[in-house]
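First comes the structure, then the notes that go with it.
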Amino acid sequence: MAAAYLDPNLNHNPSTNAKSRLSTGMERSPGAIERVLRVFHYFESNNEPATWSSNIRHGDATDVRGIIQKIVDSHKVKNVASYGLRLSHLHSEEVHWLHPDIGVSHIREKYEQSHPPEEWKYELRIRYLPKGFVNQFTEDKPTLNFFYQQVKNDYMSEIADQVDQEIALKLGCLEIRRSYGEMRGNALEKKSNYEVLEKDVGLKRFFPKSLLDSVKAKTLRKLIQQTFRQFANLNREESILKFFEILSPVYRYDKECFKCALGSSWIISVELAIGPEEGISYLTDKGSNPTHLADFTQVQTIQYSSSEDKDRKGMLQLKIAGAPEPLTVTAPSLTIAENMADLIDGYCRLVSGASESFIIRPQKEGERALPSIPKLANNEKHGVRPHAVSVSDEFSGDETDDYAEIIDEEDTYTMPSKSYGLDEAGDYEIQRDRIELGRCIGEGQFGDVHQGVYMSPENPAMAVAIKTCKNCTSDSVREKFLQEALTMRQFDHPHIVKLIGVITENPVWIIMELCTLGELRSFLQVRKYSLDLASLILYSYQLSTALAYLESKRFVHRDIAARNVLVSSSDCVKLGDFGLSRYMEDSTYYKASKGKLPIKWMAPESINFRRFTSASDVWMFGVCMWEILMYGVKPFQGVKNNDVIGRIENGERLPMPPNCPPTLYSLMTKCWAYDPSRRPRFTELKAQLSTILEEEKLQQEERMRMESRRQVTVSWDSGGSDEAPPKPSRPGYPSPRSSEGFFPSPQHMMQPNHYQVSGFSVAHGIPSMSGNMYPGQASVLDHMDSWNHRTPDINMWQPSMEDSGPMDMRSLAQVLPTHLMEERLIRQQQEMEEDQRWLEKEERFLKPDVRLSRGSVDHVDGNIQCPAGNQHIYQPVGKPDHVAPPKKPPRPGAPSHLGNLPAHNSPVDGYNEGVKPWRIQPQEISPPPTANLDRTNDKVYENVTGLVKAVIEMSSRIQPAPPEEYVPMVKGVGLALRTLLATVDETIPVLPASTHREIEMAQKLLNSDLAELINKMKLAQQYVMTSLQQEYKKQMLTAAHALAVDAKNLLDVIDQARLKIISHSRPH
């Protein structure tokens, strides 16, 4: 086999002096002529399928076998014997299958005389199929994918418009499933996903034009969604096999048929069928069964020639073992006979495992014989430059769970040629003797990273970081390694790691500026307890400026994560690791085709469709901000890469980090919008982060001032100091951005109230200090801390007090005798302990707010009395005593006018309003007694009690219960409700007609309550094992509580109707 090698970076026109972009090419002997052959194939790459090709240099001694070998070697193909090379004329149906032993130069001389070179197309195809080829190809993934692409292309170009609509839909949906293996089965139900498929990818890639033109867009969308569901659970390989299974009855891709005649004359017209299962067979008509002629193992020799008559037909003779005479086949032309001979010869070589041809070609007088095939020297073998190196091999030495292989094809991306090349990198070339290699400080994708010193004329001892490449003897690995440097050389930004230079000779080095504090993730973990919130927001802001700069340069980074950010100083971080960065020439998006990618950081469209844009970088930046706020915790801990997209599709997002300002988390959630068009751009993120950072700095300064004031506050043991206590600062005002939906951060809202002083009671005219200094502050924080901000007895600071001088313990001692002072302190201590016990008791009886809008009111004496507090919570039988939160015990000497305040301003209600919903626990439903009626044989009362008991039982069991137990619990509540409603239906006839309407409304309300409970149960089951599960469990409890309350309301309505009967029956 003569030497040939790949050069994917050559332009597609033949050239005699073309060079590799990052290498000078293979050494050639003087006088040798090398040309380039462009060969199209079906190895999937980054470009459109019509452009999948490789450029191969060849010399005078290169044969077809050498061309095939070089292409398949670069893809690690096992079934090399199945491949053949086809030459076809673009403007006619002329096709030639090229025998492996023929020289490429001879072929070009022969055929390019009849047509120009640009009209010929060289195409690598799988032609020779082994028996059971599907099973055999499943062990050779590149060959399986190649054959699938070949068959799919033939189907789309030849018969797709003639097949049944159902088959076309199935085959198209199988191709979608295969192409986007990470996509969830229900992903196309989302409008944004379908639009990506329809507009960005294009439906014509999957479905024939006849189908797209004949079906309305809305109908087509429903058909695609319905059909896709059938194959939702298939993986890539299963999709391919299913494709073959559906297609085989309508298109025989596993055999070739030729119209010819058996014998040396046109006596028997047949269709000769050649394939792995049939061997060599023929059919006399379409409906007949094939007649077997011979197996490939029986063929001994093959000869072909042209007839000597005026028609110049092709004659094919096969010598069959055991046959008395050769099998003669007459073909319409010599070309067809030659193609048949090549096909049978390929099968014979495949089944016998021989490399020698079975074709006998007698040399005619004057015909130039092919030169002998020189053996490939060992040094040439090692010098051959493969087309590409599998990315999985590159990552094998440094593989982590952060990255996962998402597809099976290769990435043939190359940077824009106008700015990339070693010729232009000359300015960055550094002499190796100027670099002093130091200790290893980390590991990279291609090799180790070392600390070192660069002796430059400007700086004789510059500390640098040096990336080394372990296996850069291969030009393709060397090119990929240098690609990061050639990307970085375009950037000049204070928060992007700067490229110092490169050494392109082996061993290849990339020299960059050294960030002494290392990776941001490790830095955050080590400094977790010393970094404040402002520093974390500062890092996020600095990264946003770097990414806004990349966005303006039309680059996508594709690997934004804390591990790829370096810390230059405690207040400066820099974005690094541009190994996955890509330039978007068309300013739309970049589609990845191979590589290990960080799934847990990626946007859904990147996982589903391998689609990378600035918007997908925004998603990753949101995840990176979350990492920073979590001090280096990785996202989706404990979740498999394959499960991440499912959680995102279900609406799950990373939770808000502790101490994260709501404004910042709101910004993160905007970055995680499922629809890429709804995500902010980096310029917007930069501006908003700048505002959030300034607000945090102001709040930090305010907290520091507060802290300093607390430190200088007059202590009880002031040592005789007469200085007055500091005047408290003014209450905080809302942020000017609050109108845009920004709120104070939770850690600030939960800070102790600095405007309040723990007080002591009033006696003998001494003002009480138990109140709030500034009552107005309660209006700002009432929903968070309304107990602390309840209306005070007497305002703490009054003008008269400011003028009266200090009021410390020494002044009190002058007013009160010593024994009274001690008594006062003891009483205060007792009151504090009493308050603590009361608060703990209050928490135990804490309940969610009773809905006041449920429509049930009590008609007492003709007045409408709205429910308040716990009046409408039913008390079950067996607990006759009213069990409600106890009133706070009065303090000795404390004024009692608080009891006259409205219910909604009471301390108890205010305290309950401030309780976090996640602190709500299953509770007793304990209402006050109902109407004073005789309950003997009262079926309604008994069934209401039974329903409430069922709700209580469900509430107590729901938290630890697995999802499969939800249905029996809810079913128990439903049965109790059905019994109650049946009893009410029996009771209605004896009640006044004027009350029927109200009773029926109460019944309908109970039915809607049960429907709501069932709906929440379904959601809790659907989102099991996600962060939303607990939320829906709480909503189940709320719905159950509402059902119990409304059942009690129904009983109240019936009791009121009964009281009307009693009142009318009494004599006036």
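The backbone N, Cα and C atoms fix where each Cβ goes, glycine too.
Listed in Swiss-Prot:
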- D559: active site, proton acceptor (ACT_SITE)
- I441, G442, E443, G444, Q445, F446, G447, K467, E513, L514, C515: ATP binding site (BINDING)
- 10-23: compositional bias 'Polar residues' (COMPBIAS)
- 699-710: compositional bias 'Basic and acidic residues' (COMPBIAS)
- 35-355: domain 'FERM' (DOMAIN)
- 435-693: domain 'Protein kinase' (DOMAIN)
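Reduced to three states, the DSSP call for the residue listed as 'active site, proton acceptor' is coil.
A simple way to gauge crowding: the CB of E443 (ATP binding site) has 11 other CB atoms within 10 angstroms, across all the protein chains here. Each of the recorded positions E513, D559 was scored by the number of other CB atoms within 10 A of its CB, and the lowest score belongs to E513. In terms of local Cβ density within 10 Å, C515 ranks first among the binding-site residues I441, C515.
Counted with DSSP, the compositional bias 'Basic and acidic residues' (699-710) comes out as 12 helix, 0 strand, 0 coil. The shortest Cα-Cα distance from the residue listed as 'active site, proton acceptor' to any of the binding-site residues (I441, E443, E513) is found for E443. Neighbour count (other Cβ atoms within 10 Å of the Cβ, all protein chains): 21 for G447 (ATP binding site).
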